[in-house]
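Colleague: Input: one structure, supplied below.
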Amino acid sequence: MSTPATQPATASATPWTLVRLRWALTNAALKTSPWQIVAYVLAYLLAAGTVVGTGVLAFAMGHGMAHDVWPYLPVIMPLAGTAGILFVALLQAMFIGENSTMSMDKFAPYGIPDRTLQLGLLLAGLTGIPAITALVSFMLWAMVYRGFGAAAVASQLVAAPLIVLTAMCVSKALLALADIITDSQTGKNIFYIVVIMLFVVLAQMPNILMINEVSVDTHALAPAARVFGWLPLGAPFMLPFDAANGQWLSWVLHALCALALCAVCFLVSQWCLHWQRTHSSDAVRSKAAKGLGLFSHMPDSPSGAVSARLGSLLRRDARQSMMFIMPLFFVVIFALENKDIGTWFVWMGVLMGGMFMSLTESNGLAYDGQGFVMEVIAGTRAIDDRTGRVRIYLIIDTVYIALLSVITFIITGDWSSPSGLATAFTFIAASWGWAVASLGVAEMFNCSVLYPVPSMAKPFTNPQGRGAAQAFLPFLYMLASLASILPTAVAAIVIFATGNGAAYPWIIPVALANGVVFLCLGTWLGAKLLRTRMLKVVQTLDSFAALQQ
């Protein structure tokens with residue numbers, strides 16, 4: 001189904017207009033909340049630390065270790081560079097996305113030509129904090145090559161913007177293709193989960209390799225490095241080596257290889273924009289309702305209706321699906337990293353999973369969106385909302401920890417000995433206590449510290465100017481979650497510090513009481529906060545909904 005013809009673009013609709021718009025939106029976001037300012041200050045500090053750290057490392061390597069590391073650099077740089085660009089693409093899909101305010105379809109009514117629009121959005125991405133940080137860092141990396149001639153240093157200065165451009169083009173093309181390929185909600189959910197799983201696996205792979213003492217021989221990797229050096233993602237990292245060796249034909253071919261990939265990615269993104277404009281989305285397709293049967297399994301009360309509605313939402317929501325995947329991943333990762341440490345180390349995966357089960361609920365009202373607004377219009381009491389939300393998450397947490405415990409029993413075999421059972425049940429109690437205590441903390445957070453989230457239809461989008469807040473505010477919740485388990489931690493420290501290690505099963509009742517007390521306290525305080533801030537929360541959710549349009 002084709003869209004109506006749009007008006008010709010005005011002369012002022014240039015790519016640089018979109019760059020100015022990006023920063024105008026970013027500056028406007030700073031005025032909405034002091035938390036935005038704190039998040040951006042931390043982002044700038046992190047960027048400055050990255051630049052300074054890269055500069056110091058590059059100076060040290062170029063000053064005294066250049067000839068020692070030179071034989072390894074042609075192997076390391078193309079392999080690490082290729083992995084880095086792919087990692088950035090996954091990171092973009094997870095946390096940054098095609099930000100919803102600056103996405104291509106937002107500008108469709110203005111008649112901006114596809115090429116101008118795509119170029120403007122690309123330039124807007126290249127002028128962001130992450131891209132500028134990467135550019136400066138790669139330019140400082142040129143100091144590594146200063147012992148091998150001015151040509152090598154100059155080539156790295158040329159390669160720096162080419163590397164950043166390649167990473168940005170690849171990320172945008174992959175996201176645009178993902179939006180086209182996963183044209184159904186189920187497809188989006190599956191793709192989103194796969195992306196998160198790949199990210200976690202890649203992030204944990206170095207730890208797994210080190211713990212299992214897997215050695216890496218650079219000589220064995222040299223053939224693979226030569227191949228990756230001629231692939232588009234690794235080609236720009238080879239420019240300094242070509243210049244140092246006087247291989248100028250290879251220099252030109254490597255540069256053209258990277259530029260060709262950028263051109264292809266640009267055309268792919270442009271084609272995806274045209275496809276989206278000329279095809280109907282899955283929003284107009286009829287779908288059968290799922291999950292409504294939960295209403296018959298919940299109490300016939302306002303809080304029961306809240307529980308059923310929230311449970312139905314969780315079944316469809318890809319944005320919160322990682323709550324059901326991440327704890328299992330923790331168990332698997334800890335099992336892979338366990339090498340003669342002890343079975344207790346695998347149980348640490350269950351314990352860590354308990355904390356993360358309520359991570360999305362800490363911003364649950366933002367995920368709920370207009371559903372919560374309808375609750376307010378219907379006159380739902382704050383305590384009924386808190387009780388309903390706690391009920392559904394308490395069921396999920398309890399069942400999930402039980403399933404994780406069964407899996408961990410199978411992995412460790414702790415069911416076969418009394419000491420193993422004591423260790424297992426101690427960790428199970430601590431995991432459940434931490435999970436429900438974190439749930440109590442989440443019920444206080446989600447009505448007081450809200451930040452925008454992607455729409456459920458587009459889980460790979462992000463509101464412009466909110467990326468720093470989305471990266472920073474969850475850490476506040478994690479710190480509060482850590483504080484909620486302090487009574488159990490103190491009890492464990494006292495038991496082991498006094499030499500009464502055999503008495504560690506006493507941690508079980510302490511952990512259970514810890515969880516129940518913080519859950520009740522968080523639910524009660526959350527209801528008090530929500531009752532006083534209900535209209536403010538509705539106003540905030542309305543502004544979030546406008547960003548998701």
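Just so it is clear, glycine is given a Cβ too, placed from its N, Cα and C backbone atoms.
Any TrEMBL annotation is an automated prediction that lacks curation.
Pulled the feature table from TrEMBL, pasting it below:
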TRANSMEM  37-60  transmembrane segment
TRANSMEM  72-97  transmembrane segment
TRANSMEM  117-145  transmembrane segment
TRANSMEM  157-178  transmembrane segment
TRANSMEM  190-209  transmembrane segment
TRANSMEM  251-273  transmembrane segment
TRANSMEM  318-336  transmembrane segment
TRANSMEM  342-360  transmembrane segment
TRANSMEM  392-412  transmembrane segment
TRANSMEM  424-451  transmembrane segment
TRANSMEM  472-497  transmembrane segment
TRANSMEM  503-527  transmembrane segment
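For the listed features, I'd like the structural context: burial, neighbours, distances.
Modeller: Taking Cβ pairs closer than 8 Å, the transmembrane segment (157-178) reaches residues 81, 84-85, 88-89, 92-93, 97-98, 104, 121-122, 125-126, 131, 134-135, 138-139, 141-142, 191, 232-233, 236-237, 239-240, 255, 258-259, 261-262, 264-266, 268-269, 272-273, 460 in its own chain, all 6 or more past its ends.
Beyond the ends of the transmembrane segment (342-360), by six or more residues, the same chain brings 319-320, 322-323, 326-328, 330-335, 367, 393, 396-397, 400-401, 404-405, 408, 411-414, 420, 423-424, 427-428, 430-435, 438-439, 441-442, 474, 477-478, 481-482 to within a C-beta distance below 8 angstroms of the stretch.
Beyond its flanks by at least six residues, the transmembrane segment (424-451) meets 35, 344, 347-348, 350-351, 353-355, 357-359, 361-366, 386, 389-390, 393-394, 397-398, 401, 404-405, 408-409, 412, 414-415, 466, 469-470, 473, 476-477, 480-481, 484-485, 488, 504-505, 507-509, 511-523, 525-526, 529-530, 533, 537, 540-541, 544 of its own chain at Cβ-Cβ distances under 8 Å.
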